[in-house]
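Working notes, beginning with the structure itself.
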């Protein structure tokens, strides 16, 4: 009688094994096997990290194996099991791989296809078509869209992490408990001793050092030493943790009535301001989005303030970007002066602090939350709803969606919810952050997520004119590497543009993102369908780059750039100055966050800047969803390209006081998971 050798691999996560009854059924083109018992309770099979083999004998040849069914039946108590994969050696010696990488919970079962990726057009038999359809029907019941706030991209329909499908939950929920992590961070940083002084002010700038963890030769220490200097202020617009706002100024806006007399002493080329603009030496950052946003009112003991500044910058003869004018409000007038480097020291310093605080708010809520976390969640939900596990694009994208829905759900549960942790220390807490996302949605376009295009649209693409913009340089290298990888995979499975058009699952995926994620807003520019391989490559690059590189660029530098509180105040406790010549050091310190809010802020930026345990970085794909040799070769080529980028960045950073490494592929996690 024909005999099949079946190998079953259990995951290595904690509690991944099972003591339940496990059954196997093989479905072939010529028939179906009986239900075989593989494991009984206490047989010590299917333990964590184990690979177990079994001989399965059948009455007659089953033909080509199309499906295998794994059933788990409860023995005593709930015992979830993480099944990595099953391999089957046929009587004629062929090996078939059946990837799973899923949890089997309760008394459930999974039906698996072999690991060869297939488009809908490739399935010729009814049984395979039916399996494909049933998987999507089941997923669409589990992964439902929900509106968290009006105007937001839609998110997952779950109130808490525990309500999520088991497959997308964190392995250890405690590891991503924001309250626990922030508290732990404050303990590790030895700053919890200041928490009882929640409302009290610091004495002076030096007093902030009492909660600052001095780590020698690091960016954070360099920031603490140089934060007051104009070059450091300007440098952060290029290579800090929010390097996305600066743009070349083509015309001085009327709402910023800067004159030549005001800035003449800052210009170094013997040109007028208008001539400097024409030569491309003037840059602008406008925080207009903050205008009209309500400041945090959750603590009646502390009044908090926001501003919507406009900052004009200049590229000097050393090619450094430095500030030359700051207006703290959007409407010019006698009570909204334009602050200048030639003003009194504390006037100019406080104006820069207000810009840094505004930058922090835009960074956290728009650059970070909306444009990486919420957008990646849209991609994740649509993928689970519309792409079955056998689809090549599911196999390509699933490593880049790892834990994204889970971290966002946990954030809505603890961090950015009403009375959440975000309210404790941030001036945009208490609802201001919601208003900001709603306003920022009008600028969330598909083209703005295409990295090279967005850089060019801001006039920041010339390496010759702006030589020290490492975020741009490294980002374009990583973008090109991802795009090349996406193209390689696409050409394996899509032989022509016509095949792209005919892929109904791909088109449903794209439509889900447009209709639900982006709310069907035509102005967003998100495509409703994809017609060419070239367009598909760009689309997939947007998804992977946003989830990996873009998130890394704006997340993991938070401790470096925001741990020195005066450089990134999460709140301001006095209103912006309305006249010059009155600012004192005491007024500045009174404006900055109190001791308690400073500690919460420091704990937050520390926790958010840490990698996950066993982090998977860009190009690391330990779960073998793909089994075909051409795709594995494409992966190897991708990793080689990424290694070359790592070497280039490492070489450039040698001996730099301010190295830029956030877009080095060995520091870019595959997905948004923190």
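Glycine residues also receive a Cβ, built from the backbone N, Cα and C atoms like all the rest.
Values in this document were obtained by computation on a predicted structure and should not be read as measured data.
Pulled from TrEMBL, these are the features on record:
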- 2-118: domain 'PLAT' (DOMAIN)
- 17, 79, 80: Ca(2+) 1 binding site (BINDING)
- 39: Ca(2+) 2 binding site (BINDING)
- 103: site 'Essential for stabilizing binding to COTL1' (SITE)
- 118-674: domain 'Lipoxygenase' (DOMAIN)
- 368, 373, 551: Fe cation binding site (BINDING)
Cβ-based neighbourhood (8 Å from the centroid) of the Ca(2+) 1 site, residues 17, 79, 80 excluded: 15, 16, 18, 19, 20, 81, 82
Residues that sit under 8 angstroms from residue 368 (Fe cation binding site) by C-beta distance, when 6+ apart in the chain: 551, 554, 555
Beyond the site residues 368, 373, 551: chain residues whose C-beta lies within 8 Å of the centroid, for Fe cation: 367, 369, 371, 372, 376, 550, 554, 555, 672
Cα proximity to residue 80 (Ca(2+) 1 binding site), best match among recorded positions 39, 103, 373: 103
Binding-site residues (39, 79, 80), the one with most neighbouring Cβ atoms at 10 Å: 39
Candidates 17, 551: member of the binding-site residues with the richest Cβ shell (10 Å): 551
Long-range Cβ environment of residue 373 (Fe cation binding site), under 8 Å and at least 6 residues apart: 404, 407, 408, 411, 551, 672
Secondary structure content of the domain 'PLAT' (2-118), with strand meaning DSSP E or B: 0 helix, 61 strand, 56 coil
PLDDT averaged over every residue in the domain 'PLAT' (2-118): 90
